[in-house]
Amino acid sequence: MARPKIALIGAGQIGGTLAHLVALKELGDVVLFDIADGTPQGKALDIAESGPVERFDASLKGTTDYADIAGADVCIVTAGVPRKPGMSRDDLLGINLKVMKSVGEGIAANAPDAFVICITNPLDAMVWALQQFSGLPKEKVVGMAGVLDSARFRHFLAEEFNVSMKDVTAFVLGGHGDTMVPLTRYSTVAGIPLPDLVEMGWTSQEKLDAIVQRTRDGGAEIVGLLKTGSAFYAPAASAVEMAEAYLKDQKRLLPCAAYCDGEFGLNDMYVGVPTIIGAGGIEKVVDIKLGKDEQAMFDNSVNAVKGLMEACKGIDDSLV
């Protein structure tokens, strides 16, 4: 039985980290694509040469030709311009929309049966555009956002409570931006909801509110520290978790930017919601009940995403 083929579109910081993680986990053979000749080939060769030391069996190929992604089982899209200090994810809209058109056409022509995970920002608008440009089924095109945002939330909570991250669960819904909605009521430590932990004196509401805000600002915090780019280790790890759920039919319940058609009262748009990922792609959107305040925050986030979608339509009139 042939190993799965995983195409990574974009050989920047996230793309290179993805290639390394996929090889280490032996999820499949890697094709690293980029338009900058030499970069994907050099990174693929460097990672491949670590194989004898790290003891993984995986083929890695760098390329500038979309034909090399032919038949890929999974495509992870990181191509585009990263954030720099002072930029919001939304500032990237015009530049990265053109990139999504090119990538969508390349995937449609060469890997139409792939499960496509988009990481390019502004995420919710880019995955929506990518699905239209590629024409792939909506359940096979998804955005990586909630897994990363929830991981950041979990990290901050584990630090605050001085407990293992393995015992912390957290949910972040909504758009991948300043309006994201970390749900404290659905987040737990070993099954104990965060509001109960506040009542038990483990933390204060003020500290919890600060953690929620730090989660919203998580990407910007790293951009500000790095000064020359944006996060790449945690985004890559988050996308690999999604790819693994698909390839191994794990039926993981993960928050992702998924297509909504009636769920949460939304129609014909992508936004961060709880999903089940298995061999069918996004097999289910889990329509959880939101409280009044949670719904108001979620609606605000949805409206921000809709604004980006309208801006995209103004740039490219082929989008509907």
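These residue numbers are counts, starting from 1, taken along the chain as shown.
Placement of Cβ uses the backbone N, Cα and C atoms for every residue, glycine included.
Straight from Swiss-Prot, the features:
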- GLY10, ALA11, GLY12, GLN13, ILE14, GLY15, ASP34, ASN96, ILE119, THR120, ASN121: NAD(+) binding site (BINDING)
- ARG83, ARG89, ASN121, ARG152: substrate binding site (BINDING)
- HIS176: active site, proton acceptor (ACT_SITE)
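Feature map: Swiss-Prot annotations on the structure.
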residue	record	Cβ within 10 Å
GLY10	NAD(+) binding site	26
GLY12	NAD(+) binding site	21
ILE14	NAD(+) binding site	28
ASP34	NAD(+) binding site	22
ARG83	substrate binding site	21
ILE119	NAD(+) binding site	27
ASN121	NAD(+) binding site	28
ARG152	substrate binding site	24
HIS176	active site, proton acceptor	29
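Whole-number maximum of the Cα to Cα distances across the NAD(+)-binding residues GLY10, ALA11, GLY12, GLN13, ILE14, GLY15, ASP34, ASN96, ILE119, THR120, ASN121: 17 angstrom.
ARG83 (substrate binding site) has ASN121 as its nearest neighbour among the binding-site residues GLY12, ILE14, ASN121, going by CA to CA distance.
Distance from the CA of HIS176 (active site, proton acceptor) to the CA of ILE119 (NAD(+) binding site) is 10 Å. Taking the Cα atom of each, ASN121 (NAD(+) binding site) and HIS176 (active site, proton acceptor) are about 8 angstrom apart.
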